[in-house]
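**Q** When I checked TrEMBL for this same protein, it listed these features:
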| type | residues | note |
| --- | --- | --- |
| COMPBIAS | 537-552 | compositional bias 'Basic and acidic residues' |
| COMPBIAS | 594-611 | compositional bias 'Low complexity' |
| COMPBIAS | 613-626 | compositional bias 'Basic and acidic residues' |
| COMPBIAS | 627-636 | compositional bias 'Low complexity' |
| COMPBIAS | 637-724 | compositional bias 'Basic and acidic residues' |
| DOMAIN | 65-262 | domain 'DH' |
| DOMAIN | 303-405 | domain 'PH' |
| REGION | 528-552 | region 'Disordered' |
| REGION | 591-724 | region 'Disordered' |
């Protein structure tokens, strides 16, 4: 009975283990989802193994080989979709849930994974659909896919082709970065290590790690041309599928070229960034055009086309090792100094060379040398460069020539061209402003002409000498006094120059004297002081200067004895008369102003308002209108400000409500996360218990096996004894 009980325990344990593993396989089998049945139909090594031999004998060898390649295309596409689903469902979701990595971190490991999975799932569905159509057409136990080219053309053309270029371009460009980031995580994160170890032991992963998955996805796009070429080899030219296959082959090659271009562009950008980080920030180089080229100019709107080590030859014949960078519009030579890059120095010559009007020539009798000649400037320069081999020299020459032609075709602007464009725009703006100024000047001149015509139309009595159109009327008395002083000073200067004593005082009017002191210069220029003082305000010289230059000394001696006192005596009454008239005019103007100010404002004027007053009224009316408009604008702005403040208050309140809701949701998420963590720990504990029970069951099973063997030996011994 004890033996029977032990056997029952062993059978029960085996049943539990079998149920556990079968359930796990069922869960893992759901990886392919709705394609699981189709995936099982693609487990055979080739199409020939899935067909009946009698059916195969009816077909030609080319047809069989063609179907084998088409089957291989569908089968490998299924494997590719399965790999993508392992990356997405097993690793991607596991890293988010179990390791609790951020989505951005998972995206760095698997860039563009969702887009890749969608693209290839659709492609795999279309291939399976074509396979089902072929099965429906053949009812004799087999099937042949006659057309596959249209499906391939549809996949590698149009929007899908653009999506593949974009998705594979980004994924393949970041292949190395993703693998390096995976290694970094695996080295420093223990939870990540445990997660990878756990998944690698799973049957569904089949020991397919993350780096292997990334490599398989990167290589997949390169397998399509090989498969299409093999299908095309077994397709006759007169068949309708031949043209579609040829077109699909060309399209997939174009996609691969575009992906390679994106990968190369990303690599060049990364390389340029690496060189930029190694370049000394204080290093600077003056180009031949005078423009300064600094470290920041390496990445300012420029692309790296090629880089590599070269040698520059100095005037003394020595070769200097440099790192050459061929950018989109310049050629830069760097040298290493203290583990950093600086701009190379070469006999006071520029080592940053613009590609505009650059001439590249081979060095005679030198397989590794080339000349870089900068043309189009006042003093052209020539730099001799040496490569490591002739092939390297030819490569550099071809790349530089291509960059020069591309620079000319695309018109990549250099700093000098940008400055020219800026100056041209400023000049255009200044020309526009000048035209506006000319128009304003013409309008002002027309306005002056109109005012002049209106003044001509008024009566002669209104044209007064001291009339003004503003309140600050200049008084005439000071003006006349200044004029009289000018005349007296002129008289004094004339008397002094004709023999008057130094410091002579001339009394011009009661209470006013003018004293002038002119030192004589006998040994220098005669009469220099009087010559300088005889220049009028308008720049004209007095006639006395011409007389002194033309008349002889004898005439001047006669004039010295001549006195101007009678003229002064006769001038004084004549000058006083205009002064009195001016004083009277000022008094009259002041009386008129006071009388006008004393009148009530409501009293209508007895005479029509002048044009100036009308202009004042219009100006005041315009100012009032502008003030009213300004007030309206201020009121509108105030209303708008209040409205915006109300909107801001409403938004702030809404944000506060959302924040409270978000906090509550976060609390709920934290609570659920804790519950899930507890459940996970509980499941982990149960799993460990199952493992221990399994070990005990295995031990008991081995023990039962040994007991069974022992019992068998005992039974044999008993039988032997009975026989004997």
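Just so you know, glycine gets a Cβ as well, placed from its N, Cα and C.
Give me the structural setting of these features: burial, nearby parts and distances.
**A** Summarised as a single figure, the pLDDT of the domain 'DH' (65-262) averages 90.
Within the region 'Disordered' (591-724), the DSSP-based counts of helix, strand and coil residues read 121 helix, 0 strand, 13 coil.
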**Q** May I have the DSSP-based helix, strand and coil counts for the residues of the domain 'PH' (303-405)?
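**A** Result for the domain 'PH' (303-405), in helix, strand, coil order: 16 helix, 53 strand, 34 coil.
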